[in-house]
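J.: Sharing the feature lines straight out of TrEMBL:
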- 36-209: domain 'CP-type G' (DOMAIN)
- Asn83, Lys84, Met85, Asp86, Asn153, Val154, Gly155, Lys156, Ser157, Ser158, Gly205: GTP binding site (BINDING)
Amino acid sequence: MKLSPRALCVVARAPFRESFPLGGRDVARWFPGHMAKGLRKMQNSLKMVDCILEVHDARIPLSGRNPLFQETLGLKPHLLVLNKMDLADLKEQQKIIRHLEGEGLKNVIFTNCVKDENIKQIIPKVTELIGSSYRYHRGESLEFCVMVIGVPNVGKSSLINSLRRQHLRKGKATKVGGEPGITRAVTSRVQVCERPPVFLLDTPGVLAPRIQSVETGLKLALCGTVLDHLVGEETLADYLLYTLNRHQLLGYVQHYGLGQACDDIASVLKRVAVRLRKTQKVNVLTGTGAVNVVQPNYPAAARDFLRAFRSGLLGPVMLDRDVLQGVPTVEP
Ligand SMILES: Nc1nc2c(ncn2[C@@H]2O[C@H](COP(=O)(O)OP(=O)(O)OP(=O)(O)O)[C@@H](O)[C@H]2O)c(=O)[nH]1
């Protein structure tokens, strides 16, 4: 029997946390500060670039973008691609678009690079933007060169491959991976379309040197932009549990057969570990001698919880719901 989220809450009877303890977390340590080099290389390639295609994660459409992109690369026509739309709750898509418009971002496309959704909208938009740009100095060249930028692991390489599949019927040109930091250098140009001839430059993911807040850091980490162990798998799992409960996204209860929602990460991970048989024998010294006890493998359970979330098994999510709540629902 499937229980509705409301029913699951009633069963839980426990009030969920209204805030997440953010204090004492050293967010700077999670985000390596070695990314300036990548940004400099991008700047050096700017001369040959006609348009910037910025890819970001659709689950965090309003936070976590690198403000340095705007400062250093901001003179070119710009298209924001919000990728991984299959993992995002986009019920409030119009509100998101209005919020971004308020920040001056008028060109936004939502995509899913795994299923090639909305990919065909990109090249026409890029050509339109370049065509109407008064900064288009490369008039004699018929080729368009587009630089793909974004924070790590948002799907930049996947987008290039997806465009090639759609327009050239060709396979992978750039390496894709589930962890941040797969693309290490600005690549040579990759053709993604013949008419018009469009070439893309893939670039390494570059995070802002300073993250706005610990919460933004946690959202970025949930989306896989930093290696989990830098934040701590159990901390991340706890933030995930807090978010899911607060948003009444209780798919995890059914996914792990927990029976009821719970806001305590230790007991959730314990039950997940037992269910997945992720337990370990530990030798403990007691007053009567050494005994073997079975302990849940909390880190392994946390990893599974995060993996299930990231592959969409716990349902779509909008991690920027708090930011969106400040935006009026109806257009003025
Ligand atoms: N569900 C889903 N997963 C996606 C989508 N696009 C990419 N991915 C996955 O996200 C992960 C990262 O993709 P990449 O294309 O390597 O990301 P990147 O931005 O090039 O990563 P870096 O090289 O680290 O900067 C891979 O596991 C992809 O399969 C999407 O639209 N939906």
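Glycine is no exception: its Cβ is also placed from the backbone N, Cα and C atoms.
Let's see these features in context: how buried, what's close, how far.
T.: Neighbour density for Met85 (GTP binding site): within 10 A of its CB lie 23 other CB atoms from the protein chains shown.
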J.: Please work out the number of neighbouring Cβ atoms within 10 Å of the Cβ of Gly205 (GTP binding site), leaving out its own Cβ.
T.: 23
J.: Over the span of the domain 'CP-type G' (36-209), how high is the average pLDDT in this prediction?
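T.: When the pLDDT values over the domain 'CP-type G' (36-209) are averaged, the result is 85.
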